[in-house]
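**Q** Take a look at the following structure, please.
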Amino acid sequence: MSRAGEQSRRGGCYGSFANYLTSAKFLLYLSHSLSTWGDRMWHFAVSVFLVELYGNSLLLTAVYGLVVAGSVLVLGAIIGDWVDKNSRLKVAQTSLVVQNVSVILCGIILMMVFLHKNELLTMYHGWVLTSCYILIITIANIANLASTATAITIQRDWIVVVAGEDRSKLADMNATIRRIDQLTNILAPMAVGQIMTFGSPVIGCGFISGWNLVSMCVEYFLLWKVYQKTPALAVKAAFKGEEAEMKQLNVHKDTEPKPLEGTHLMGEKEPNIRELEHKQEPSCSSQMAEPFRTFRDGWVSYYNQPVFLAGMGLAFLYMTVLGFDCITTGYAYTQGLSGSILSILMGASAITGIMGTVAFTWLRRKYGLVRTGLISGWAQLSCLILCVISVFMPGSPLDLSVSPFEDTRSRFFQGEPVSTTTRIPETTFTTETHHMSNGSRTGDAILEMSTKPVPIISVSLLFAGVIAARVGLWAFDLSVTQLLQENVIESERGIVNGVQNSMNYLLDLLHFLMVLLAPNPEAFGLLVLISVSFVAMGHTMYFRFAHKTLGSQVFVCGSQEKEVSNENQTNTSDV
């Protein structure tokens, strides 16, 4: 009997594992892993390819970044509206195919340009090559827009349906998705970077194109299996007029009446009225104005959401230089940090990011979703105090008396040797010492100081704060993400998340504009202070949202679960 029992337990364990591997949840994870891996490889590689094509200049990369950000900013609501108005499987498959085919086509064009760049440069005074640059950026932008549609569809809609009514399962799935993102953010660029280093840009283009071709077929199959295993994905509230049955926080303004059941996006008209209007043939001018109405309606709908302040709080966190992007990396180089040290710091950042996802699931179970956002916000702000302190510590190049472009001009006039990575820290430190001295030191003293090592107290505190803050950052991000998932009605889920992406890109654009206005290292400390201020404003918005939510004893429609510190205390009532 004992052997039979042991075999039964083993069979049950293997059976449970096999069931998990074939479950909709795991298949969704696998599809997201493949999609994110290809996405991260492409985003890393396309920037490098554009630099290589334009003679080690950042011009094409900057144009590409501007086009991508501007496109999502303008078209985010329209993409979300398209997601809402079409079936889930059609949206997922269409965006998947468009994204991968665009990357494949772009990779092929890049290969041809790399192989025949000299010939193209001589044709029609270089206009053929310029046309290739425009074509590459255009197709890459289409791929990014399709990637945005895929992210809205899978991460904001499908995952909610697969999780069902289980909020703990939804939180675990969100955390797992973020862990996958954190790992692929580090591993995918490393993998394609090695291929490009030991091979060539042409080999890198071919590898990425081949990967996307294979990945597209596998992802297509996986999404179809998830759709088959989750019958609820076949039904959309936008087609039924049953949005009021979805979970939604009822935080309304005092002057705003309570919405009626069965109301629809932007207009709150009865179904029969909508049917009569649908039968009328739209005019040409009406069809041309439709995208503008969708854009307007999307932003108005976003503003009217009960979680509007929480979403705005998340968007304000994008207005910061306190992350591992090209700006912070460039500043680190001017302070004497090597590439190997930066790679270690990026790895540490990924680890703390994963710790943030683990902290989110634990805090949500113990304190509830809204309070988790509060706690993670305070944790992030507390860690960023180290960044503020670093601005005033030894080694900080802060000097607001320096003209924003003075240091850049002087480096260009000094000659080419400054461009090497080994010379940048020494030259920069010499300039910084001269400006901070305000004439109190002689030229000999400056020369003597330049031979000493650069103090790393300031930059060490800066990166310590940035890395530690990732725990609170990702826990806060997951909190707001789940609030949007739970409290935006199904028929508006796509358009609201599309506008949220637009807000994120808008603040991201503003942070790049801020850097353009003050690009020299002497002003980086000011950028740090501005960044912390915007992060504080973002969390202040969330604190206001949490105060209104918890202070008014908000209930959630459907399950009517009240947020309390003790997870065992729940209360239900009709709203």
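Backbone N, Cα and C define each Cβ position, glycine as well.
Taken from TrEMBL, the feature transmembrane segment covers 12-31, 58-83, 95-115, 127-146, 302-321, 341-363, 456-476, 524-543.
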**Q** Would you kindly list the residues that approach the transmembrane segment (127-146) from elsewhere in its chain, counting only those six or more residues past its ends and only Cβ-Cβ distances under 8 Å?
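**A** Same-chain residues near the transmembrane segment (127-146) but 6 or more away: 42, 46, 50, 53-54, 60, 63-64, 67-68, 71-72, 75, 79, 95-96, 98-99, 102-103, 105-106, 109-110, 113, 117, 120-121.
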**Q** Taking contact to mean three or more C-beta pairs under 8 angstroms, with sequence separation of 6 or more, is the transmembrane segment (524-543) in contact with the transmembrane segment (341-363)?
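**A** Checked: the transmembrane segment (524-543) vs the transmembrane segment (341-363), no contact.
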**Q** Six or more residues beyond either end and a Cβ under 8 Å away: which residues meet both conditions relative to the transmembrane segment (12-31)?
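**A** Sequence-remote neighbours of the transmembrane segment (12-31) are 154, 158-159, 162, 169, 173, 176-177, 180, 218-219, 222-223, 225-226, 229-230.
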